[in-house]
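Asks: Once you've had a glance at the structure underneath, I'll fire off some questions.
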Amino acid sequence: MGSPGLRPTLLLPQVLLLLLALLHVPPSQGFPGSGDSPLEDDGVWSSHSLYKDTPWCSPIKVKYGDVYCRAPPGGYYKTALGTRCDIRCRKGYELHGSSQLVCQSNRRWSDKVICKQKRCPTLTMPANGGFKCVDGAYFNSRCEYYCSPGYTLKGERTVTCMDNKAWSGRPASCVDMEPPRIKCPSVKERIAEPNKLTVRVSWETPEGRDTADGILTDVILRGLPPGSNFPEGDHKIEYTVYDRAENKGTCKFRVKVRVRRCGKLNAPENGYMKCSSDGDNYGATCEFSCIGGYELQGSPARVCQSNLAWSGTEPSCAAMNVNVGVRTAAALLDQFYEKRRLLIVSTPTARNLLYRLQLGMLQQAQCGLDLRHITVVELVGVFPTLIGRIRAKIMPPALALQLRLLLRIPLYSFSMVLVDKHGMDKERYVSLVTPMALFNLIDTFPLRKEEMILQAEMGQSCNT
């Protein structure tokens, strides 16, 4: 046993250490914390191995993270000097700072850490649209795209910020897929005016409207434009408009034009019919005439009336009945006025060679004579044995003589006189004339040209 005076001196350090351990008073200046600032490394194991079984640093708490600590060998507390702690952030959060902390001799952890919520890149605002997010661009935030009126969303409507700091799906866009709107007028029905086959129809040009940006690039019309004269029938009008996205809108309507009509008329047998306008529409007029050798009976003209009935009576063409019992040559000629042309053949005797040859040529050209409305009148002999003949009818000698005197036809020689439908002396012949030469002359007459047109329409010719 030693000196009693030395025992207090030997026990004093042990007592102080025990007291410090019980009161948690650090041996050096400093303050506890969870890593407010890094100080020194953990190379104090040997010099501070004395404190490895003593709580030293403050417990680590990481919001939105988990802490996994390992005490030094032989240690008991996970906040003892030299303890190493691994920091892991929860899903959707990322670590800022060191992933491993060490409890240092200054009672501080080697670094300060924090788990921050992960953030995705800011979404691009779609043109002509936008988006709304639940929690901005942070993890698990859901954003929903929307488009302005007239635009359609293309792509995924909803995206979510994922753990890899990327958005689910591709960014959406707003495209103009809605066609422009255009409204056409209603069906228009019109009735043609008298003697007309068309109706002037007008309407306001329809205006298109684009539901997106309101801009239209083209307006195309198919059909007659407004203000046109529409013929009889059913006409389809179509307007098409395009917007800048090349979407098209279409509207259609119809224009109906009706022509009021009477029943169709036919030309009388052995006659002609010439009608105005379309021949049977309200207001149309049809005129009738007969071929040479026939006389018109009934109405010379008929009109399609508002009650859709024809005026007058139905015409007909009757064979011309020449009256040779009239007293004067003028009265005889009046029967042919505007109806027939006359070719008067005069000879002092039936034995005249020119007369016989000429009559033979005319008989062979009877079709051409009929086509040109020519009646042959024969004056044969010298008064009082003079006779006149119109085909099968014989005129009295006195009437035949008057005709010679009226037209100044020589009494004692062969001659011919061509008289037109107006009683005019057109040509005289003192020798033979071929039917072709005669026909060529007559075909130059103005009235004959109109006849030729009608005959062509009716298909009348000497070739048929």
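Including glycine, each Cβ sits where the backbone N, Cα and C put it.
What you are looking at is a predicted structure, and each value in this text was computed from that prediction instead of being measured.
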Asks: Which one, C290, C304, is listed by Swiss-Prot as the other cysteine in the disulfide with C317?
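Replies: Among C290, C304, the cysteine that Swiss-Prot links to C317 by a disulfide bond is C290.
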Asks: With reference to Swiss-Prot, specify which of the listed residues C251, C262, C367 is paired with C304 by a disulfide.
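Replies: Among C251, C262, C367, the record in Swiss-Prot lists C262 as the disulfide partner of C304.
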Asks: Look up C120 (disulfide bond) in the DSSP assignment and reduce it to helix, strand or coil.
Replies: coil
Asks: Taking every protein chain in this structure into account, which of the disulfide-bonded residues C57, C69, C147, C262 has the most other Cβ atoms within 10 Å of its Cβ?
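Replies: Counting every other Cβ within 10 Å of each candidate, the maximum falls on C57.
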Asks: In whole Å, how far is C161 (disulfide bond) from C174 (disulfide bond) when you measure between their Cα atoms?
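Replies: Answer for this pair: 21 Å between alpha carbons.
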Asks: Let me make sure I understand the structure: which of the disulfide-bonded residues listed (C85, C115) has the fewest other Cβ atoms within 10 A of its Cβ?
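Replies: Each of the disulfide-bonded residues C85, C115 was scored; lowest Cβ tally within 10 Å is C115.
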Asks: Using Cα coordinates, what distance in whole Å links C290 (disulfide bond) and C304 (disulfide bond)?
Replies: 21
Asks: Mind looking up the mean pLDDT for the domain 'Sushi 2' (118-176) in the predicted model?
Replies: 91
Asks: DSSP secondary structure for C57 (disulfide bond), reduced to helix/strand/coil, please.
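Replies: Assignment for C57 (disulfide bond) reads coil.
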Asks: List which of the disulfide-bonded residues C85, C89, C115, C147, C262, C317 have their Cα within 10 Å of the Cα of C69 (disulfide bond), in sequence order.
Replies: C85
